[in-house]
Amino acid sequence: MEKFPSDFVWGYATASYQIEGAANEGGRGPSIWDTFCKVPGNIRDGSNGDIATDSYHRYKEDVALLKSYGVRAYRFSLSWSRIIPLGGRQDPVNQEGVAFYRSLIEELLKNDITPYVTLYHWDLPQGLHDRYGGWLNKEEIVQDYVNYAKICFTAFGDLVQNWITHNEPWCVSCLGYQKGVFAPGHKSNTEPWIVAHNLILAHAFTVKLYRDDFKAVQKGQIGITLDFHWPIPYDETPENVEAVKRATDFKLGEFADPIYKGYYPARVKAVIGDRLPEFTAEELAVVKGSSDFFGFNTYTSQIIQDGGDDETNGYVKVGHTRADGTQLGTEAHCSWLQSYPPGFRSLLNYLWKTYEKPIYVTENGFAVKNENVLPLEGVVLDTDRIDYFDGYANAMLQAVVEDGVPVKGYFGWSLLDNFEWADGYETRFGVTYVDYKTQKRTPKQSSQFLKKVCVAHPVFVPLDPHTFISLQWFPEHIAA
Ligand code: GBH
């Protein structure tokens, strides 16, 4: 019977475009998501982030909610185009935007809540996309991103000691430039690799700037957040076991290997060939080792089969149904997500053994099916979400206590129901129900469940029989 360490960080996460609203207020310039949402068919319910959860105006109420949920950390993102409306290094800074984030940070600190600040959660200033192609233009975007980061470190770094450069660069490059299901909606087989490369460089040169010019005084840490779901082979045929490794390299290794080890994965190079840019020696020196921790978001596990035409995942088919026809776990409102705690434990072990960095789980959460109507009595009994958090917290505890994985913190996704990108407002991930007509916030039962976990650090019973650890597909990681 064991507990989480007493300095374990518990928090909730959000992102600017998903919650702020006030799209045309406070001097904010448009981002590529404002533009993307206007194209009919891009967002399932035809909605956008113009109002979202109105957190630009209601941030004090949101901080009060965090406080009432017993967490001591909050991960949120800054809207680049609220700080620099046109985005570029020659463009004016919007002091009203800076003041807004300053007020939010001060409100958090007043309530003993530590800010974890993401610089980029997908909302590129439209100005940069129009001016030179945004993430496609290495010479320009890296300098503009570093300049934006410098403004943020200067404006907030006296109060912020935890920085995350990018959120899920795989989603930016592959969903934005290959599948076209996220902004800016491009469909290309060359662009995603250029964008991925430029995202890595922008991240790395920003970390260098922080370490060279800010860290000594501000004493913070800085890293990146990647996304990954634990892959399980459909069966033990060599093709499907190899497919798992390829999927891992394409989705995780594409970013993690350069940043933590200093090279692109061989399997990605072999398939992408000269569409994959190369780092110069000087760039590589900056890229390698450019993250103080391993930030990652994870939601589910995936059953992987060789084949298909999806290059972004490494030509594998992704599902949740095992060879014997059974499902991995409880289905969510969105088809890509099923609850499967054992995969979380395995993933934490894999990340630690492969990359050897302390880990922050910067997002983890569940969208309960058909949660759209607030029950009349105002109590949202979100049992599937509670079960999810229970299972995932247990799996994490086992990774920490039994396997010795240094997980430093955990952020539930999300504080509030919010704008779920291409899903619009139908899919709800919050521990707080938001009535989008009135913006009234109602805590769901899951918020009270997680409160017990993080306030009391209760004792969990380790080794629930279903939370086995399964690293057998990566034999190099099995302890002797
Ligand atoms: C995270 O993305 C995001 O960081 C967060 O903003 C978001 O609200 C949260 O998760 C919940 O979704 O891959 O073509 O089937 C998680 C990664 C990327 C998973 C998009 C679902 C669906 C489109 N997500 N993906 S596709």
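The backbone N, Cα and C atoms fix where each Cβ goes, glycine too.
TrEMBL annotates Gln18, His121, Tyr299, Trp413, Glu420, Trp421 as substrate-binding residues; of Asn162, Asn167, Asn370, Asn372, the candidate listed for that same site is Asn167.
In this structure, the binding-site residues under consideration are Gln18, Asn167, and the one with the smallest number of other Cβ atoms within 10 Å of its Cβ is Asn167. Cα to Cα, Trp421 (substrate binding site) and Glu363 (active site, nucleophile) are separated by 16 Å.
Note: Trp413 (substrate binding site) has non-local neighbours Tyr12, Ala13, Asn297, Tyr299, Glu363, Asn364, Gly365, Phe429, i.e. same-chain residues 6+ apart with C-beta under 8 A of its own C-beta. If you draw a 10 Å sphere around the CB of Tyr299 (substrate binding site), it holds 24 other CB atoms from the protein chains shown. Proximity of Glu168 (active site, proton donor) to non-local residues of its own chain (separation of 6 or more, Cβ distance below 8 Å) is seen for Trp122, Thr225, Leu226, Asp227, Asn297, given in sequence order.
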